[in-house]
Amino acid sequence: MTLGDRALVLLVMAIWGFNYAFAKLGLLELPPFSLLAIRFFLVGVLAVPFARTPRRHLPRLFGLSVVFGTLHFGLVYLGLTRVDAATGAVLVQLQVPFAAILSFLLLRERPGWSWLGGASLAFLGALLLLGEPRTSANRGHAFLIVLSAVMWAVSYLQLKGMQKPGPLDSFSINAWMSLLSAPQLLALSLVFEHGQLRALRMMSALGWVSLAYQVLCVGLLAYVIWYRLIVKYPVSTTSPFTLTIPVLSSMAGALLLGEPITGRFVVGAGVTLAGVGLLLRGSKGPVKRVVPTEQRIGT
């Protein structure tokens, strides 16, 4: 990998890592479903004109929008209303062992010892994080993020089936998933949230910066760069960089939100990421190919 491309990879990781803190800033001003509905609508409107629109994929894209766009991201944002950005970023990484488990149960993909060891480490680290004082006080919201990781694992299986009617590139998947998720999230907002219009009118400059960051930097810029990089380089080259995202999220939480970084968090996060890294390194099957390239759809 050239020095310039390495810098681009680190830029993308920084954008995604800081997104957890920017999302929390947005959640201070808008309810989670409202914020997500606006974000996905804007990303979809801006991206769909440049995406492929094969009609045969639309039913699968709609299913993906329900599981990934609405359930996965809805649960992440609900959890982030009470959970630190850094903790949320680490717990989301459980999507990798959950994907391995579902692949074993439903696709009969046999995991090796590295998978078993990696999954055990990842879940052990998550238990340490759930026992951390700040997280234990909001354990219910932390479990929402864990559940969001399960939804991501289900969407992984959907992505595998997405290629059956014919290949569809990641940019197009991201664009259509965003546009199709927006009305679902709007419906949830109308049912479960209130005061959205007033909150939107009262949004501060920081709130608008948060929304712009999630749409322009995360949903568009970072994804365009990442898509070009994963086409240019093998997964074995790009995937290790994704493990820097929780580290960067911790830095962002400390810098932007004043979130403390405790010793127990460092240990729990380290054990979790070590397990995820072992899973990615030891996988020889589809999980390794899909996780690093697809897990950042609309992050």
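Just so you know, glycine gets a Cβ as well, placed from its N, Cα and C.
Note that TrEMBL annotation is computational and uncurated.
Copied over from TrEMBL:
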DOMAIN    8-130  domain 'EamA'
TRANSMEM  33-51  transmembrane segment
TRANSMEM  58-80  transmembrane segment
TRANSMEM  86-106  transmembrane segment
TRANSMEM  113-130  transmembrane segment
DOMAIN    142-280  domain 'EamA'
TRANSMEM  142-159  transmembrane segment
TRANSMEM  171-192  transmembrane segment
TRANSMEM  204-226  transmembrane segment
TRANSMEM  238-257  transmembrane segment
TRANSMEM  263-280  transmembrane segment
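Across 33-51, 58-80, 113-130, the stretch most heavily in contact with the transmembrane segment (86-106), judged by Cβ pairs under 8 Å, is 113-130.
Residues 87, 90-91, 93-94, 96-97, 100-101, 136, 139, 142-143, 146, 264-265, 267-283 of the same chain sit 6 or more residues outside the transmembrane segment (113-130) yet have a Cβ under 8 Å from a Cβ within it.
Long-range neighbours of the transmembrane segment (58-80) within the same chain, counting only residues 6 or more positions beyond its ends whose Cβ lies under 8 Å from a Cβ of the stretch, are 20, 23-24, 27, 32-33, 35-36, 40, 88, 91-92, 141-145, 147-148, 151-152, 154-155, 158-159, 161-162, 165, 173, 176-178, 180-181, 184-185, 188, 297-298. With a cut-off of 8 Å between Cβ atoms, the residues of this chain six or more beyond the transmembrane segment (33-51) that come close are 23, 26-27, 69, 73-74, 77, 171-172, 174-176, 178-183, 185-186, 188-189, 192-193, 196, 199-200, 211, 214-215, 219-220, 298. Counting residue by residue with DSSP, the domain 'EamA' (8-130) contains 104 helix, 0 strand, 19 coil.
Looking just at the domain 'EamA' (8-130), the mean pLDDT is 88. For the domain 'EamA' (142-280), residue counts in helix, strand and coil come to 119 helix, 0 strand, 20 coil, using DSSP.
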